[in-house]
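Taken straight from Swiss-Prot:
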{"type": "DOMAIN", "residues": "42-87", "note": "domain 'Gla'"}
{"type": "DOMAIN", "residues": "117-155", "note": "domain 'EGF-like 1'"}
{"type": "MOD_RES", "residues": "D136", "note": "(3R)-3-hydroxyaspartate"}
{"type": "DOMAIN", "residues": "243-283", "note": "domain 'EGF-like 4'"}
{"type": "CARBOHYD", "residues": "N499", "note": "N-linked glycosylation site"}
{"type": "CARBOHYD", "residues": "N509", "note": "N-linked glycosylation site"}
Amino acid sequence: MRVLSVRFRVLLACLALVLPNSETNFLSKERASQVLVRKRRANTLLEETKKGNLERECIEELCNKEEAREVFENNPETDYFYPKYLGCLGAFRVGAFSAARQSANAYPDLRSCVNAIPDQCDPMPCNEDGYLSCKDGQGAFTCICKPGWQGDKCQFDINECKDPSNINGGCSQTCDNTPGSYHCSCKIGFAMLTNKKDCKDVDECSLKPSVCGTAVCKNIPGDFECECPNGYRYDPSSKSCKDVDECSENTCAQLCVNYPGGYSCYCDGKKGFKLAQDQRSCEGIPVCLSLDLDKNYELLYLAEQFAGVVLYLKFRLPDITRFSAEFDFRTYDSEGIILYAESLDHSNWLLIALREGKIEVQFKNEFSTQITTGGNVINNGIWNMVSVEELDDSVSIKIAKEAVMNINKLGSLFKPTDGFLDTKIYFAGLPRKVESALIKPINPRLDGCIRGWNLMKQGALGAKEIVEGKQNKHCFLTVEKGSYYPGSGIAQFSIDYNNVTNAEGWQINVTLNIRPSTGTGVMLALVSGDTVPFALSLVDSGSGTSQDILVFVENSVAAHLEAITLCSEQPSQLKCNINRNGLELWTPVRKDVIYSKDLQRQLAILDKTMKGTVATYLGGVPDISFSATPVNAFYSGCMEVNINGVQLDLDEAISKHNDIRAHSCPSVRKIQKNF
């Protein structure tokens, strides 16, 4: 059988050689139908007893699938091998196309092609990057993966950075996955430690001391910052701090003043505005204590103007007329002119005034000149009826219809001319400059009121109509003793603060008795040119029911007292003593004064200014920029001022606003309760 089989195969080979080339690539129909049929060959008995051998069975001879199974002795390998075996036969048969050889991986010969078939790892089925080795199996293979790879062919990288059992791969910052592995990295500004997992911040400020130039270098985790003081912004191009112009950003509601490192907002206090709590917007200054500002047109105010007369009347009466004046009078003032009468040629005159609270009469006629002061003190703030009447040989003065003085005289006070007595009468003040003609000089200003006047026995003829038509000539219905600042003007004084006997050189000792009607305003200010080197001011506190007392040196607070209730019926006392070495602020109700940490520098600035000329203002500041001092609103309310032991009299001011009352202040308005 073996010999016949061999001969048969040789015959097939010979037949193949003589077949046309067009048929060499294909099996016959009959042969092809038998390829997948398992037929056991008729081998010799000795050959059948041997174990199957690939070389002997399928290379030296042609084998069918059954014979191939004898080699592998299992179906999986046989099923895997035999189709590929047929491919090798087709590729290496004589005259086969080169394309067939290429399909068999270009093995050099049939033996190489067939021997390679049983090795499942050839060609390599595993991923080249991920496999460590390939293990051949029965019609199968097993890829052994390198660390960091997975999959049946080691084709999938393991992302160690997402391993739930080792969060972030154990990296303190960044975990970077790589094919088959991973590594830790640090963010910019950090350096890797030797354990290759943890990161440490890099201190750029120490490594590069000049990295910020003139700014301050501040190390932060992973980076650094170049810091500038408040009000400055870092400029990386010049490595320096540049001032921020906050005013260019429309920061303030009204006036904004930029300065190196900051800015300040100001509101026009003279128009009734103050800086709000946000230090940017402006709001109206509220009334904190309502005063009784009601007036009566029948009450003539004698000190409506700073200088000059309040009212002028001229009488032309029969020559038998004698001078007479009767009126009700109210004042707290101690000195001033009530009325002045004179003839048309100014040769004869009569003065009725108040000195030290008592009635004083001065007169001059063609025969004599006299002055007399007497009677009771009447500057008590109540209404007193005063009458002055010329008799035949004397002048009679009565208060409340009781004679207090009787002045002898020769002749008439005023000489008739052409059958008429022409007389001019001036209320409160002197016409022209006649002070030098007086027997004894007197303050022409008088803060007082008159009513019910009867002049030359003509009643109120001529005067009533004038008084009724002018509101500023009317008196408040009720007043108290004190000086009144209406919140619309100031008074100026010239005060020398230098004390040659004092080692401190200059001294400002101020005592104020105040009853404000608004909680914001300048009480006292020293002005030098366009600057305000010193100011004592009130500001409404945040509570809305109390006030803060502030001492300003130029534009900064040197000392302040917080949350004091000053808007009440009872006046409050305030003291401020300051020289080049120290500052003391005091009130009887609060002792917890807050002083500036920069006080000594502020005092040095003030000391330099006080060596020059300063003007003293009460009730506000003059018409300078309202950025000259943080508070520029006029003070409103009652206030009496003592500076360096001298009680200031507004009648002695260099100038004062017409509406400032020197010796009277409106009473607090009484709130009527409804029951």
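Numbering starts at 1 and runs along the chain as it is shown here.
Placement of Cβ uses the backbone N, Cα and C atoms for every residue, glycine included.
Positions of the features from Swiss-Prot, shown on the structure.
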residue: D136; record: (3R)-3-hydroxyaspartate; Cβ within 10 Å: 13
residue: N499; record: N-linked glycosylation site; Cβ within 10 Å: 14
residue: N509; record: N-linked glycosylation site; Cβ within 10 Å: 17
Within the domain 'EGF-like 4' (243-283), residues counted as helix, strand or coil by DSSP: 7 helix, 16 strand, 18 coil
Residues of the domain 'EGF-like 1' (117-155) by DSSP state, where helix covers H, G and I: 0 helix, 13 strand, 26 coil
Alpha-carbon distance [N499 (N-linked glycosylation site); D136 ((3R)-3-hydroxyaspartate)] in Å: 116
C-alpha spacing of N509 (N-linked glycosylation site) relative to N499 (N-linked glycosylation site), in angstrom: 12
